[in-house]
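Now, the feature entries from TrEMBL:
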type	residues	note
DOMAIN	276-306	domain '4Fe-4S ferredoxin-type'
DOMAIN	344-376	domain '4Fe-4S ferredoxin-type'
TRANSMEM	6-28	transmembrane segment
TRANSMEM	66-91	transmembrane segment
TRANSMEM	111-129	transmembrane segment
TRANSMEM	150-169	transmembrane segment
TRANSMEM	206-224	transmembrane segment
Amino acid sequence: MRLIVGLVITVAALAIALNRALFIMKLVRSGAKAPNRSSTIASRISTELTEVLGQRKLLAKTIPGIAHFFTFWGFTILIATIIEAYGALFQSNFAIPLIGHDSWLGFIEDFFSVAVLVSLVVFSIIRVINAPKKKAKASRFYGSHNSAAWLVLAGIALVVITLLVYRAAQVNTGDFPYSNFAFASHLIANALAPLGHSANSAIETIFLLGNIAIIMGFLVFVTYSKHLHIFVAPINIAFSRRPKALGALDKTPNMDPEELSEDSVFGVGKIEDFSWKQLLDLVTCTECGRCQEQCPAWNTQKPLSPKLLIMDLREHLFESSQRLLTTTKDSGTTQVLQEPKMLVPSVIDPDVLWSCTTCGACVEACPVDIEHIDAIVDMRRYQVLMESDFPSEAQGMLRNIENQGDPWGLGSSHRGDWVSELDFEVPIITNEIPEDIEYLFWVGCAGALDERARKVTQSIARLLHRSGVTFAILAKKESCTGDPARRLGNEYLYQSQAMTNIETLNSAKAKKDHSLLPSLL
Ligand code: SF4
Ligand code: SF4
């Protein structure tokens, strides 16, 4: 009887979960192409080892990190107990090679069962201390689906409790394969022993079926909740940008005029303009709030939370699923079933979009390597390049870069002024860098033109000079790298600045560059 009940529950749950998994897979695959996501295999394998198996980013927060480490490994190791549970449906003294024989496995299973229960207590305490009701926006859980999170904690607890109780009953019925190294099972067995053999036999059946039912229910729940990350996080991490999730932005489709067509879309205006990797990011979010907690915009009362931005986009993705997945062929043309919404302003408020400083703290903090900045900059690119709709404060700055080569419009003629206050001569490159000069010193707009930043530039020049390093500058031949334009979404201006600067550097024939600007690299 217990075999039939167990198998019916399993088949029904697997059918629902598989159906949902296929739906999510199709939804993610409906995204646009994502470049550079499968190269550098060695780096991807090492990231899986450190970030997934080693839980590196989660351990940045020690206490929740350790609790998550034990929960992750507990779930991995408890796969053996799932095999044992299904085996017990068929045969009371079930055993296969490795499972059902050695005391060490019984000990490890019990150890991780207890470790998971302790971790759940830790998670609960963290959630109570940081409850949004108490801390409002200062809580990293503000805006997350907190009831679902409590449900998941309760579900995991029930999985472990039913497991330990049916194992304890097995000890008393003589069906348990492990010695008293399985300390927790034997401890509970002592408490159940006075109930007698037949009661323990009934307890074994009820809790064994309960264990299977809860695992299967949990599996279904996971595929419909943020806990989907259990399955998709390792995949998202495998396809994250290498060598780090926080790295150079991808280009919006090549802006070479010869490659453009009437259908070219710059950036992301609708949900389907996101790449499949960006859609995978959306379904992977665990709502942990680590990004929100680090975001300078959120911490200075701006409307932007990287977590809420990802959650809003995810909700819109699921709302749009019918349109993305269902098309009807009508007289050879594809007819869409729902009107697409423009992401800005329908899903993401413009104030949210323009509050981002592109500092990267969110990407750095995210334990599942979600690339928030790519999504934000892609939506900005659409606003700037397709809609010409961006904050008025940015207009002057972009015009200055385009016309004067710096964000303030001070002009290139002042770029070499800072050298006049030095007590040694700094050569200025007019054509090619002289043979006897080792470095080209790229100063940057602020370093050359901003009063305070100039002092930094002068100090660095003095250090180089005193160290005997020979260097020269480009002065008025230098121009803005275009980095501020790129962060604002004006990829066209960025690319044209980048091309101009590449030509300048090539014509100077510099072999070694020194710069204050990471963006130059
Ligand atoms: S990159 Fe933007 S969203 Fe991310 S932490 Fe910085 S300001 Fe916040
Ligand atoms: S984006 Fe990453 S850090 Fe932010 S809530 Fe989601 S999983 Fe956590």
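Including glycine, each Cβ sits where the backbone N, Cα and C put it.
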What residues elsewhere in the chain lie close to the transmembrane segment (150-169), defined as a C-beta under 8 angstroms and at least 6 residues from its ends?
71, 74, 78, 81, 85, 88, 110, 113, 116-117, 120, 123-124, 127, 176, 182, 184-189, 191-192, 200-201, 203-204, 207-208, 210-211, 214-215, 217-218, 221, 225, 227
Verify whether three or more Cβ pairs under 8 angstroms connect the transmembrane segment (111-129) with the transmembrane segment (6-28), leaving out any pair fewer than 6 apart in sequence.
no
Using a Cβ-Cβ cut-off of under 8 Å, list the residues of the same chain that are 6+ residues beyond the ends of the transmembrane segment (206-224) and lie near it.
2, 5-6, 9-10, 12-14, 16-17, 20-21, 24, 82, 85-86, 88-89, 151-152, 155-156, 158-159, 162-163, 165-166, 169, 230-231
Take every residue in the domain '4Fe-4S ferredoxin-type' (344-376), average their pLDDT values, and give the whole-number result.
96
Counts by DSSP class (helix H/G/I, strand E/B, coil) across the domain '4Fe-4S ferredoxin-type' (276-306):
19 helix, 0 strand, 12 coil
